[in-house]
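Enquirer: Please see the structure below; I have some questions.
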Amino acid sequence: MAELPITELPLAHCSGRFTISTLLGTEEGGHGPYAPTEGSGCDSAQPTHLSGSTLCTRTFGYNTVDVVPAYEHYANSKGVGDTRKGRPSLADLHSILKPDSGHLCAPASDPQRSNGLTEAGPEEASVEPGTDPVPEPVRFGWVKGVMIRCMLNIWGVILYLRLPWITAQAGIALTWLIILMSVTVTTITGLSISAISTNGKVKSGGTYFLISRSLGPELGGSIGLIFAFANAVAVAMHTVGFAETVRDLLQEHNSLIVDPTNDIRIIGVVTVTVLLGISLAGMEWEAKAQILFFLVILVSFINYLVGTVIPATAEKQAKGFFSYQADIFAQNFVPNWRGPEGSFFSLFSIFFPSATGILAGANISGDLKDPAVAIPKGTLMAIFWTTVSYLVLSATIGACVVRDASGSLNDSVALGSPGCEGPACTFGWNFTACAQRQSCQYGLSNYYQSMSMVSGFGPLITAGIFGATLSSALACLVSAPKVFQCLCRDQLYPLIGFFGKGYGRNSEPIRGYMLTYVIAVGFILIAELNAIAPIISNFFLCSYALINFSCFHASITNSPGWRPSFRYYSKWAALFGAAISVVIMFLLTWWAALIAFGIVIFLLGYVLYKKPDVNWGSSMQASSYNMALNYSVGLSEVDEHIKNYRQVCLVLTGPPNFRPALVDFVGTFTKNLSLMLCGNVLIVSHLQK
């Protein structure tokens, strides 16, 4: 066979890529339609470049005019010392083909771009030449920004004043069960939050941002508004708890300002005003105050644990404290129900609000260095350490203090005295008389300040109570405006856009702070903690249920936008968390649960009616597509029957607006029950192909 001559084609320079030239048109000196031109090439900064007649590609020799996927857009990894690259938005990918030029160009990598928020933060604003650069905003890591904040919001008055009493009522065993049941709900919700935070770029807006970008604006908007309001009212609840403690101290020393009720109002308004000043000073000062409260609480814990091993004095023994004793532990291990609240679910409803602070870190997602790492790690670690503290406190105080004690030094008796009942008899104390009359003033079942009595130095426990209440109030005071600001910027509801404006390098929602302050003062004037707490607990549980349900819904609909990288997430665990949250809502306060669901349904209906112009790629859209696809495929398995017959009409109308009478005629018998397809025939000559 004759050997064909091989023409060497000039190859354009291409850094690390293939340059492909076809043999079409090479007969004319290699200047065919696909021959490379002089000076053409592929710059390494542009993954795919089409200039003139040169095509550069990274597809190992396959010639294509399509844009080749850029690896750096989809790599879920980072080198040592590198920052994690964010995924590109649809606008980034569509901008590859610019309309004003006839060639392809690569998008600029912008790891800070948000997938859903169109408004850039202050850190993304351009700096005018000749002016000073904008200072970097304050960002927090997982310890300072999430773990400490969540732990402070979880710890509260119930830890100091109610957990010992719950231990006396339910016993150590059932108290641990109550704690573990509560932690199960919060842990499942924490796993769902972790999954959402690793599903894409997370910016300001906290819980509202996470839910709305996953489940859609309908449920996201309603739960965002409710969650912001619940946090604002929670500021009042924690402040009233602090004011009640101060009022009790003043009452002990006969130093009331006006009267018991008005003193709570005066102290509460002054306290929330000081907290507002700390919040307006900026996130950096607020974080410093939180660390101070955290240290105070840790010192109070250490003070309590040290007090449990110090030998009890006669005064403490008269109040029921005998240090660690096996007999006391055995008696307090089993339940001893008393009073109208002496039931398992009643005590569960009292304890559960102390576990509702797990979203404190997620609510400031815009102020975190890396929310995808900080939120999962910080939230789950906060749940773990607070759970350990609850379990340790319940077991230790249940092994040291008897249920009933008179507090009188005259009740000491000789060992083995007749008529003495209870474990205190083995230590020379007879509290039988007051226990039978139920008139004892001390002991776990009667004295709420048992931790202060057991501790080595009582005032430190009081300082811990102050730190727990004020830190929780401060965390809620910061969370509510942050969530509400993001909701206002999305403009899902009317008349709230005014509060979306941010100030300073951190885009602080000062207007939102003032609105939260007004709401908190209004509820502080009620001056009744038991009237404020039930509704707040149900609103928080409602948000937990929606978070878990949104994750489950996104999983079962196989939404393309649902790709969490958090490995410990399970859709069935999320479904269980949503169901148990709803059940607990009704177990706590059924009427408050009905109010919460009624508000959610009203806000949901409003958004469905208004149909806001937003497209966040929610799981609701994926669900609609999957349902339509499944039903369409299922029709192929349905046998025809006269009862189910539906005519399918192909109407050759051309463009339908050209023959409206024909469309209306066919519509009279297809109505909304059958399918009408409008067709248009295009006749193209062979030369035009």
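Glycine is no exception: its Cβ is also placed from the backbone N, Cα and C atoms.
Unlike curated records, TrEMBL annotations are generated automatically.
Just so it is clear, the model here is predicted, and its values are computed rather than measured.
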Enquirer: Can you dig out which of the ranges 154-172, 344-362, 534-552 TrEMBL describes as transmembrane segment?
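Expert: In TrEMBL, the transmembrane segment feature sits at 344-362.
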Enquirer: Using Cβ atoms only, state whether the transmembrane segment (382-402) and the transmembrane segment (264-283) have three or more pairs under 8 Å that are 6 or more apart in sequence.
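Expert: The answer is no, given that the two segments have fewer than 3 Cβ pairs within the 8 Å cut-off.
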Enquirer: Among 173-199, 289-310, 344-362, 457-480, 510-527, which stretch has the highest count of C-beta pairs below 8 Å with the transmembrane segment (264-283)?
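Expert: Most Cβ pairs under 8 Å with the transmembrane segment (264-283) come from 510-527.
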Enquirer: Averaged over the domain 'Amino acid permease N-terminal' (52-109), what pLDDT does the predicted model reach?
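Expert: Here the predicted model's pLDDT, averaged over the domain 'Amino acid permease N-terminal' (52-109), is 50.
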Enquirer: What parts of the chain pack near the transmembrane segment (457-480), using Cβ distances under 8 Å and only residues at least 6 beyond its ends?
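Expert: Apart from its flanks, the transmembrane segment (457-480) reaches 149, 152-153, 155-157, 159-161, 206, 228-229, 231-232, 234-235, 238-239, 241-242, 245, 249, 271-272, 275-276, 278-279, 283, 286, 289-290, 292-294, 296-297, 299-301, 303-304, 307, 357, 359-360, 363-364, 449, 451, 512-513, 516-517, 520.
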Enquirer: Which listed range (173-199, 219-243, 289-310, 344-362, 510-527) shows the maximal number of Cβ pairs under 8 Å with respect to the transmembrane segment (576-609)?
Expert: 219-243
Enquirer: Mind pulling out the one from 219-243, 289-310, 344-362 with the most Cβ pairs under 8 angstroms to the transmembrane segment (173-199)?
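Expert: Counting Cβ pairs under 8 Å, the winner is 344-362.
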Enquirer: Who are the chain neighbours of the transmembrane segment (289-310) in space, where the CB to CB distance is under 8 Å and they lie at least 6 residues beyond its ends?
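Expert: Sequence-remote neighbours of the transmembrane segment (289-310) are 144, 148-149, 151-152, 155, 278, 323-324, 389, 393, 396-397, 400, 451, 454-457, 460-461, 463-464, 466-468, 470-471, 474-475.
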Enquirer: When you scan the chain for residues with a C-beta under 8 Å from the transmembrane segment (344-362), skipping those not six or more beyond its ends, what do you find?
Expert: 145-147, 149-150, 152-156, 158-159, 162-163, 166, 169-170, 174, 178-179, 181-183, 185-186, 189-190, 193, 197, 206-207, 210, 227, 368, 371, 374-375, 378-379, 382-383, 386, 390, 472, 475-476, 479, 533, 536-537, 540-541, 543, 584, 587-589
